[in-house]
């Protein structure tokens with residue numbers, strides 16, 4: 001019985017259990033719903049849950065555990081000479097067995113017999129059925145595949161039987177438990193509580209898992225390259241493995257970090273004033289019609305994929321700045337040499353700033369609108385103008401929220417990749433001229449992980465060290481944002 | 001004979017009251033919120049150095065009328081005012097009038113205490129600062145001190161002027177808002193149910209304060225509490241369904257009103 005069918009049957013049982021539970025509650029109360037502790041729906045839901053959840057958990061555990069049991073049983077059927085081989089070859093052989101096992105049901109009995117006589121024909125027979133096998137089979141593989149199929153079949157049958165029995169037993173037990181004073185509502189709500197708890201713990205555990213996996217890889221990197229060379233190194237030159245005698249290269253974080261912060265800074269320089277002013281206009285001055293028109297338009301900017309901004313930088317902004325600088329230097333010195341390169345910090349910063357405008361304006365707009373009307377009225381009632389009210393009352397009151405929004409925006413700027421790749425290049429350089437290319441941490445992560453590299457070399461593993469560094473920076477930014485928000489809130493509320 | 005005397009006294013009183021000059025005059029004031037009409041041709045005068053109470057059931061238009069006096073309704077989208085309101089003879093809705101200047105002359109205290117998220121000092125100094133009323137820091141200190149004294153709050157807060165205004169109790173916050181309004185030296189102070197969010201003790205303090213402020217300011221107060229209107233005001237205006245029902249001396253209003261509806265409302269038959 002397939003898992004899908006099993007689920008369907010369990011669902012049907014649960015539905016029946018629901019109806020039975022309701023009916024039982026109805027019979028017990030003899031139609032007077034006031035005699036019941038909970039509404040009849042809750043009794044139904046309770047019975048359905050008891051009939052459905054335990055088998056569900058059983059199926060989940062079974063599906064997680066049974067492959068290991070079956071696999072080890074199948075591996076035991078391998079001949080001795082295969083068992084003596086290396087781990088990698090064994091798992092290769094096992095992969096073959098699994099593929100064959102999937103293909104076997106497609107063959108007729110004669111074909112199976114024929115293939116057993118001549119295992120080398122298996123590839124062509126399977127190919128005739130439209131089923132590809134990677135390598136030539138050996139005769140023991142056919143037997144093992146048959147065993148695998150048989151064991152999986154047994155496992156599924158046993159699982160189905162157990163699950164259905166558990167479900168029926170659960171429904172029966174739950175129906176017995178139902179009495180008029182039974183607190184079905186509380187029980188159902190407790191199950192809901194657990195479901196909510198499960199959902200939130202999945203989110204948290206995922207985060208923990210991501211950090212842990214990054215951390216282990218990063219630690220492997222740090223065992224190859226000393227931490228101080230990574231954190232305080234001023235040269236980024238990872239070299240590809242085997243390129244020379246000192247194949248380890250240099251992994252200095254500083255140039256990347258400088259590039260990240262520099263480009264992020266330029267981006268914020270563009271995004272913060274424009275975004276904040278736009279937010280103030282939207283929240284305080286714009287008529288409702290204007291607001292309903294302009295706000296969605298502004299937020300369209302937020303929906304554009306960053307790679308598109310990258311194109312924009314590459315084909316429009318970069319060349320424009322380059323030509324502009326050429327014209328300017330031509331007018332000033334007579335030498336038409338551009339001092340802004342097409343790929344530069346300023347190009348990336350400006351385009352990233354444009355990308356961030358909607359974030360700044362949308363977040364700040366919400367925060368400014370949330371300032372109580374009473375404060376506005378109070379200030380206007382004292383004879384302050386609108387702009388005085390905004391400067392002296394509304395912005396100070398909204399400041400903690402705005403600072404939080406800006407820090408959130410900053411962590412976006414730090415994490416941005418595509419725009420930088422296209423607009424600022426991939427050259428890890430340490431310099432302060434905004435008209436020259438630089439690159440960022442995220443770009444280098446992508447760089448180090450793409451291509452045919454061994455996954456154990458420091459050249460690849462450095463990506464995880466960079467990742468965890470970036471993670472720590474954004475985490476610190478967020479914590480700082482929270483701290484500021486709390487501090488001001490104490491003062492202002 | 002007795003009736004005659006009473007009528008005579010009344011006449012005398014009326015004369016005396018009429019001798020008080022009119023600070024603000026509302027003539028045929030109507031207010032619309034979009035298509036909805038909230039006020040119907042209200043004619044109401046505000047006398048100088050007098051506390052005028054506006055009473056009436058919820059939604060009768062008393063707050064709306066109050067807010068027309070310093071054009072706070074301008075901040076509401078779709079609000080339209082017709083008729084005329086004058087302050088010392090000048091139409092406040094005249095296009096040449098600077099609404100900001102008007103609100104400096106006609107200050108406002110709101111229903112819910114709304115101190116700014118600043119220090120107590122900064123709250124009071126806010127108005128004088130934006131209007132440039134103080135020449136120096138010492139000047140400003142003096143304005144703040146006097147305003148807080150006038151609002152009866154000085155003794156309670158003089159040692160913590162640099163603490164947040166929002167940290168005060170509700171009653172103190174409201175008196176801070178009154179001090180804030182007083183600091184601008186307005187001629188008229190509008191109060192929109194200033195005590196509705198306060199406990200009885202804080203209310204008593206604010207009422208006492210209103211009594212004292214009357215010497216220097218003209219006060220218009222909207223209140224839900226008839227007792228409060230009787231305690232603090234000299235003139236009372238009764239609104240109902242957007243109409244001005246009756247305007248009279250407070251004493252007369254609460255003892256012998258001209259209009260049946262006023263009587264019913266005061267007796268608690270509706271509202």
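Heads up, the Cβ atoms here are built off N, Cα and C, so glycines get one too.
Taken from TrEMBL, the feature domain 'ABC transmembrane type-1' applies to A:257-481.
The transmembrane segment annotation in TrEMBL covers A:6-21 (among others). If one looks beyond the transmembrane segment (A:6-21) by at least 6 residues along the same chain, the residues whose Cβ comes under 8 Å of a Cβ in the stretch are 43-52, 55-56, 59, 159-160, 163-164, 167-168, 170-171, 174-175, 178.
Long-range contacts of the transmembrane segment (A:42-65) within the same chain: residues 3, 6-7, 10-11, 13-15, 17-22, 24-25, 36, 155, 159, 162-164, 166-168, 170-171, 173-175, 178, 182, 184-185, 187-188, 191, each at least 6 residues beyond the stretch ends and with a Cβ under 8 Å from a Cβ of the stretch. Here TrEMBL flags A:42-65 (among others) as transmembrane segment.
Long-range contacts of the transmembrane segment (A:158-179) within the same chain: residues 1, 6, 9-10, 13-14, 16-17, 20-21, 24-25, 28, 43, 46-47, 49-55, 58-59, 62-63, 66, each at least 6 residues beyond the stretch ends and with a Cβ under 8 Å from a Cβ of the stretch. According to TrEMBL, the transmembrane segment annotation covers A:158-179 (among others).
Residues annotated as transmembrane segment in TrEMBL: A:191-215 (among others). When Cβ-Cβ distances below 8 Å are used as the criterion, the transmembrane segment (A:191-215) is approached by residues 49, 53, 464, 467-468, 471 of the same chain, each at least six residues removed from its ends.
Look at TrEMBL and you will find A:261-285 (among others) tagged as transmembrane segment.
According to TrEMBL, the feature transmembrane segment maps to A:297-320 (among others).
Beyond its flanks by at least six residues, the transmembrane segment (A:340-360) meets 259, 262-272, 274-276, 278-279, 298-302, 304, 306, 309-310, 312-314, 317-319, 321-322, 324-325, 405-406, 408-409, 412-413, 416, 419-420, 422-425, 433-438 of its own chain at Cβ-Cβ distances under 8 Å. Residues or ranges marked as transmembrane segment by TrEMBL: A:340-360 (among others).
TrEMBL lists A:393-414 (among others) with the feature transmembrane segment.
Annotation source TrEMBL lists transmembrane segment at A:461-485 (among others).
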